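Asker: The annotation domain 'PTS EIIC type-3' is assigned in Swiss-Prot to 8-481 on the grounds of sequence analysis. Here Swiss-Prot flags 32-52, 92-112, 119-139, 188-208, 227-247, 274-294, 355-375, 406-426, 463-483 as transmembrane segment.
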Amino acid sequence: MNGITAWMEKYLVPVAAKIGSQKHLVALRDSFIGMLPATLAGALAAMISAIVTTFPSAIQQMMLGATAFSKLAPEKVWTLANTPIIGDLNNISALVNQGTLTVIGLIFAFSWGYNLARAYGVNDLAGGIVSLATLFAGLPNQMGKFTAALGTGKAGVAATDKLNGVLGDQGLAAWKPLFASAHLDAGAYFTVIIMGALAVIIYAKLMLADITIKMPESVPPAVAKAFLAIIPTIAALYIVGLIYYIIGKLTNDSVINLITHYIAEPFQILSQNIFSVLIVTLFVSVFWFFGLHGPNVLAPVLDGIWGPLGLNNQALYFQVHSQGIRDLIAKGAVDKAHAINGDYVNLWVRGSWDAFAWFGGSGGTITLVIAIILFSKRKDYKIVGRLGLAPGIFNINEPVLFGLPVVLNAIFFIPFAVAPLISVIIAYTATALHLVDPVVNAVPWVTPPIMNAFMATGFDWRAIVLTIINLIITFVIWVPFVIAANKLEETELD
């Protein structure tokens, strides 16, 4: 064990430390964190929609049976959507969803540019605008496809005029751009990360090189600050615009479609492999063992790959609710290749770890705390355990990780690494076998275990059972090591 620890300290820890302090990755992590208010607002909207429309019909189905329920006329299905106030709240939630999850890609674009510009020490507001403009500049005009399909002949011109007449009533026109919603939601993440970074870095480098318009001191600071960003912003947007134009001419396709097809989709396909999930789970524990915040170090991976998949599930859940999710899974629509009418469910997303494996924080340490309270004979451990219980309920485990400590503790490293791996295997298998719904909703990470899984799966009662099973198994894994620690002197573990 000492040899493995020494090897990790020599080769792995320096790499992890560099990753954790690399400004681009830190900016990416902060970008995802900054989006939490919008993400959770969208999650609340989805929960309200489920309570109003899904729960009543689910109760009715349980009472009548699936066969009898399927024969009901639509107006006979229970719902609260037509109830005064509650129905209005549901409609308001739809608007909230439209302003959050439907355009989460735009929110991320601004957050990414803002935090990346801040990392370079330049005007962060302008950086957010540059990144957002970069995304819009590369979006294909869907309206152009309609007009191109109509043709330029006499009939085509007449059809286009008729189309303009219909669109004009909505304040639209065939010559105006129309963007696909799939390019505005989580599907835009990879394009924003790549092209947004390129544009903002160009902007930042020019700002740092002082290639700017300087105003007299008499000009108000806000105006002077805006003028400083003009030349770098124009240069950055024209450079990415040129890239978009050249790639479009060479491939007859848009950059966002190419990035999605050749970069995003392969990563997301790999992410649904159980081995990929286990590798990330293990590395989170390994980084924590050396005192590095595992989820933060791996945030670009966790939030960059599994995060968008969670948002996709969330958006789908808002539309089809729990039964629709189950129907898609039952029909094998668990990846894009097997999508039904473009819809598919991701079995494992970012929130799956919080719901089914990281109870009380990474390593399932809430069960460690309980094991210490019940079985530890060490006074120092019991003190830390009692102090760590309340924070642990809300998934804050730093008092335990550094107070016992678990960090650099050779005895505790084994259960700290193994327990979440076992939990992930059980949860992934249960989800794949349709024994529990996948995570379809964003839940604050401080939500206590059991409640977290119940809410995250769209209030699937089976998630409660699965969580309790995993908690018991995690507890059983921790107990022998807590008992073994009793036999060691305090100095041997310090």
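Heads up, the Cβ atoms here are built off N, Cα and C, so glycines get one too.
Note that the structure is a prediction, hence the values are computed from the model and not measured.
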Asker: Between the transmembrane segment (355-375) and the transmembrane segment (463-483), are there at least three Cβ pairs closer than 8 Å, leaving out pairs fewer than 6 positions apart?
Answerer: yes
Asker: With CB pairs under 8 Å as the measure, which of the listed stretches 32-52, 188-208, 227-247, 406-426 comes out on top against the transmembrane segment (274-294)?
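Answerer: Comparing 32-52, 188-208, 227-247, 406-426 against the transmembrane segment (274-294), the winner is 406-426.
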Asker: Checking distant contacts: for the transmembrane segment (188-208), what same-chain residues at least six beyond its ends satisfy Cβ-Cβ under 8 A?
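Answerer: Residues 24, 28, 105-106, 108-109, 112-113, 116-117, 120-123, 126-127, 130-131, 133-135, 138, 228-229, 231-233, 235-237, 239-240, 243, 255-256, 259-260, 263-264, 267, 304, 307-308 contact the transmembrane segment (188-208) from elsewhere in the chain.
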Asker: Counting only residues 6 or more past its boundaries, what in the same chain has a CB within less than 8 Å of a CB in the transmembrane segment (32-52)?
Answerer: 79-81, 86-87, 89-90, 93-94, 96-97, 100-101, 104, 107-108, 111, 114-115, 299, 303-304, 307, 311, 314, 317-318, 321-322, 440-444, 455, 458-459
